[in-house]
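Below is one structure, written out as structure tokens; the observations come after it.
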Amino acid sequence: MAPQGRLLIRGGRIVNDDFSQVADVLVEDGVVRALGRDLLPPEDASRGLRILDAAGKLVLPGGIDTHTHMQFPFMGSQSVDDFYQGTKAALAGGTTMIIDFAIPQKGSSLIEAFETWRNWADPKVCCDYSLHVAVTWWSDKVKEEMKTLARDKGVNSFKMFMAYKGLYMVQDEQLYAAFSQCKEIGAIAQVHAENGDLIAEGAKKMLALGITGPEGHELCRPEAVEAEATLRAITIASAVNCPLYVVHVMSKSAAKVVADARRAGNVVYGEPIAAGLGTDGRQYWSEEWSHAAHHVMGPPLRPDPLTPGFLMDLLANGDLTTTGSDNCTFNTCQKALGKDDFTKIPNGVNGVEDRMSVIWEKGVHSGKMDENRFVAVTSTNAAKIFNLYPKKGRIAVGSDADIVIWDPEATRRISAKTHHQAVNFNIFEGMVCHGVPLVTISRGRVVYEAGVFNVTAGHGKFIPRQPFAEYIYKRIKQRDQTCTPVPVKRAPYKGEVTTLKARETKEDDTAGTRMQGHS
């Protein structure tokens, strides 16, 4: 095989978020060097050059999965897709970058969590990656560490949990403080939007009713619980003019809240995930416990069968913006930790490998979106929001050569028997998808071709992300200038002012306060 690093992709239809064109792509040293019709390589590059025929195929920017949890210690277990297996599977699906989450325990250092995840990922990743960092508690130390992470460590996104009471959940005043700091340091705030107090009470109620199976998971976390928290997060973010990113939007109700806020001018982005776009929560009522448990995730899939189509509609029309997978996989034996109590089932599903094909099938093949919108929601919008653009999320001169040769007419049947993930089931089992990645190129190297990998652990790199992403902060800065309240200019009051008598007792003070309140 010719040495990697010099590639000429011939005759494909290059698809970016804003236009498509038939052209060749010349890649050298991991970067796109030239685009054009009937492109001839430089004479000194002709030797050792590999030519890939993409005639009749699409040439796409590699996918960016905005939401993964590889080898995540959670609910007494650890997700089985580690940073090697998970990123290898991502490449097979046409994804060339993931953004995972470093999540500290309450009271623990954010920076130490970040370094822990870096140490786990750096030697293993097969594709490029970055890290969001979670804020699970609040103090002056947390505030300072957020600043350090944004300034020195390449982190420009911080996630707050409104659920998982007693574990990761933060209160409204902590959300306000964290959002305020995000704005100060030029980061984007992310939220897991569910009302954790209502979930905790609902879970007790379900168990008291004898509902111990996976259906209890959805019953104690209904749509209203997600929608309420989504609106609350948007309200708090708006109060401090902080950009907000709502992860895993799972219900019609929550999606409507995001859509309404965007149409009202709020700087907010919604992220549906492959699971919510490709299947629904009727699975929780399966009489086969393991099948039902395989689908347990938070927020849950919704039993309304119209939900996936509704979310795809909003993704297609711009009310929702990006797509992730929330890939957090636990094998059946791990899910069985909750065989007698649904609250103990580790939350999480697969999706990092199948995200691109599921969205093509449900979005493009169905006629809801075109190829350009597909690129926007699977790659470009994420690159813009998280300040990776145009190095990522675009095929242009100077961009990283993260490229997928995509066959829009080919089909594949999703199955745990053939997928490349470590988990022993697949929530999309049996789904036939149009849209198949034939070749995946990461950092200028062909890493996956015709079902064969050519990649080793550590090929991928950590990609730092700078704060104050122009795509989101242009509007934030303008809103600061035009929407910040100002005092009314008026002449000073010069009339009589009543003199209050001194109060001698606490009771008099209280009574006086009441009287003043009614004056």
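Glycine is no exception: its Cβ is also placed from the backbone N, Cα and C atoms.
Swiss-Prot marks one residue of K183, K252, K256, K384 with the annotation N6-succinyllysine, and that residue is K256. According to Swiss-Prot, K159, H248 bind Zn(2+) 2; the candidate from H192, H217 that the record adds to this site is H192. For the Zn(2+) 1 site, Swiss-Prot lists H67, H69, K159; matching the candidates D319, D326, D340 against that entry yields D326. Sequence-distant contacts of H67 (Zn(2+) 1 binding site), defined as residues of its own chain at least six apart whose C-beta falls under 8 angstroms from its C-beta, comprise I99, F101, V247, H248, E271, I273, G324, S325, D326, N327.
Within 8 Å of the centroid defined by the CB atoms of H67, H69, K159, D326, the record's Zn(2+) 1 site, lie the Cβ atoms of T66, T68, D100, F101, H132, V247, H248, G324, C328, excluding the listed residues themselves. Under the DSSP three-state reduction, H67 (Zn(2+) 1 binding site) is assigned to strand. Nearest neighbour of N347 (substrate binding site) by Cα distance, taken over the recorded positions S79, K159, H192, K256: S79. Among the recorded positions S79, H192, K256, the ones whose Cα sits within 10 Å of the Cα of K159 (Zn(2+) 1 binding site) are H192, in sequence order.
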